[in-house]
Structures are given as C-alpha cells and as structure tokens.
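K.L.:
So TrEMBL says this about it:
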- 19-226: domain 'YjeF N-terminal' (DOMAIN)
- ASN71, ASN72, GLY73, GLY74, ASP75, GLY144, VAL145, GLY146, ALA147, LYS148, PRO149, GLY150, ASP172: (6S)-NADPHX binding site (BINDING)
- ASN72, ASP140, SER175: K(+) binding site (BINDING)
Amino acid sequence: MAGPNTPSTAILTMTAQQVRDAEREAMRTVSEPVLMARAADAIAAECEALLLERHGRTQGCRVVVLAGSGNNGGDALLAGARLHYRGAATTAVLVGPTAHAMGRGECEAAGALIIDAQPDAPLNRAAARQAVEDADLVIDGIVGVGAKPGLREPADALVAAIPSRAIVVAVDIPSGLEVDSGVSTASHVRAHVTVTFTAPKPCLIEEPAAASAGRVVVVQVGVLRR
Ligand SMILES: NC(=O)C1=CN([C@@H]2O[C@H](COP(=O)(O)OP(=O)(O)OC[C@H]3O[C@@H](n4cnc5c(N)ncnc54)[C@H](O)[C@@H]3O)[C@@H](O)[C@H]2O)[C@H](O)CC1
Ligand SMILES: [K+]
C-alpha cells in the first residue's frame, strides 16, 4: 500500500503503449539489436549475481530459458547465451510457434541446448519438463509488453513445473500478467526478480500483481522516458 512518501504510480510507471512509443522513437538512432544486447547484458548480470549469492558460482549451474516468439524471448535467449559462455549450462526451451532469430542463433553459437517444446512431440515436451524441473534458475522470456494476459500451452504446464527451489527471473514483466494493471487473475509466472526496461510497468507496482514480480530492477537501455 502506498505510504505518505510513495510517489504516485502514474508518475513512476509507463504503460505498454508508452514504452512502445518511446522505443520507436529511440530506434531512430539506436538499432533494435543494440537495445536488446543492452537488455540481455543486464539480465545476465542479474542472473549471475543471484547464482553467486545462492550457489557461490555460475559454473555448472543449470539455467533454463523459457522463450516465446517475440523480443521478450529474444532478450531472454541472448541472456541465456551469455550465461552459457560464463560456464552455466543453459537450456533454451522454445515455447512459441517461432523463436527470435538472433536470440536462437546466439544460443546455438554458445553451444546451449535448445529444445523446441512447441511441436506436438512428446519427447521434446518431456525433455523440456525435465530441464525445468532440474533448473537452478529459470529466465522467463515467454512474453513481455506485447502480451495478452494468461499463459498458453506449452508455457502454462512448464511454468507449473518450476520447482520451488529454483530462482525465477522475469524479463520485463512476469509473463501472463496484464501489463497495465494490478490484476493477477490469469495464470502467470511468479518471479523472485523482474528485470524491466526504461520504467516499471503498472503490473510491477500495483497490487496484487506486483506480488508476483518480486524485486524489480529497472534498467536503462537507451530508450528515453517521455
Ligand atoms: N522497452 C524497451 O526499451 C525494450 C524492450 N524490449 C523487449 O521487447 C519486449 C516486447 O517485445 P514484442 O516482440 O513487442 O512482444 P512480446 O515479446 O511481449 O510478445 C509478442 C509475442 O507473444 C505472443 N503472445 C501474446 N500474448 C501471448 C500469451 N498470452 N501467451 C503466449 N504468447 C503470447 C504474440 O503472438 C507475439 O508473438 C519487451 O517486453 C522487452 O522484453 C527490447 O528487447 C529492448 C528494448
Ligand atoms: K516475461
């Protein structure tokens, strides 16, 4: 609940549309891959700090990236590739009908394991589920500000399989939440930390949704608040 010194959320937050407009403006001078690389650097640094705090190392820690089709999945895949280069064992689980090309390419180049959980392939689904159950850290890149609320299959079942001991880091928002409100009725990710870009979104500030975001880290990637 807001206290006397808490600024109004209208001042603090940016809606999905406001972020999209600001991002479009920024991309007149900075390319999308550069913005995404900055986002991925920040996500990977946060994940590494969490793994060091919990396990004393990154080396050998099992990182699972749940990646949807959009740029949110791209950010998460790029972060997973960076963690793999730093000694973590990254598994990228693709939960959308397509995968972000640059993100997938960087995971492949790094040597991370890639499981496409989308086609109706029971073996892939079982392998994806096992990877999630074994994870030390899960990066939620299922959807970001481009999303409609709720989780679809296979993401829904995979999120339900995340063990309570795993650290969960959400990219931009916990997937499944309604970006611009505090409503949290649809199925969604429950994160320990949310790494968000440019400004917090309303769902990261307004209760009850905010309870699913955990600690919120706001990262400036070069998109100006307007
Ligand atoms: N704001 C910034 O400065 C930057 C943000 N970045 C990241 O980009 C995403 C937004 O990416 P976008 O491609 O526009 O959308 P999403 O990835 O959120 O999702 C689109 C994708 O998801 C499908 N979809 C929609 N709803 C659902 C659902 N409920 N379940 C499953 N799939 C769904 C839809 O069909 C599309 O295919 C932002 O959040 C940041 O992470 C930039 O990387 C850097 C700058
Ligand atoms: K997300």
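The backbone N, Cα and C atoms fix where each Cβ goes, and this holds for glycine too.
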K.L.:
Among the binding-site residues GLY73, PRO149, whose Cβ has the fewest other Cβ atoms within 10 Å?
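P.N.:
Lowest Cβ count within 10 Å among the binding-site residues (GLY73, PRO149) is PRO149.
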K.L.:
Among VAL145, ASP172, SER175, the binding-site residues in the record, which have a C-beta under 6 A from ligand 1?
P.N.:
VAL145, ASP172
K.L.:
Which chain-mates of ASN71 ((6S)-NADPHX binding site) that are at least 6 residues away have a CB under 8 A from its CB, listed by sequence?
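P.N.:
ASN71 ((6S)-NADPHX binding site) has long-range Cβ partners GLU32, MET36, HIS100, GLY144, GLY146.
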K.L.:
Taking ligand 2 as the reference, state which of the binding-site residues ASN71, GLY73, VAL145, ALA147, PRO149, SER175 have a Cβ closer than 6 Å to one of its atoms.
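P.N.:
Checking each Cβ against ligand 2, the ones under 6 Å are SER175.
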K.L.:
Return only the integer: C-alpha distance in Å from SER175 (K(+) binding site) to PRO149 ((6S)-NADPHX binding site).
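P.N.:
On Cα coordinates alone, these residues lie 8 Å apart.
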K.L.:
What kind of secondary structure is ASP75 ((6S)-NADPHX binding site) part of, going by DSSP in three states?
P.N.:
helix
K.L.:
Residues other than ASN72, ASP140, SER175 within 8 Å, Cβ to Cβ centroid, of the K(+) site?
P.N.:
LEU66, GLY68, GLY73, ALA76, GLY141, ILE142, VAL143, GLY144, ALA147, ALA170, VAL171, ASP172, ILE173, PRO174, VAL189
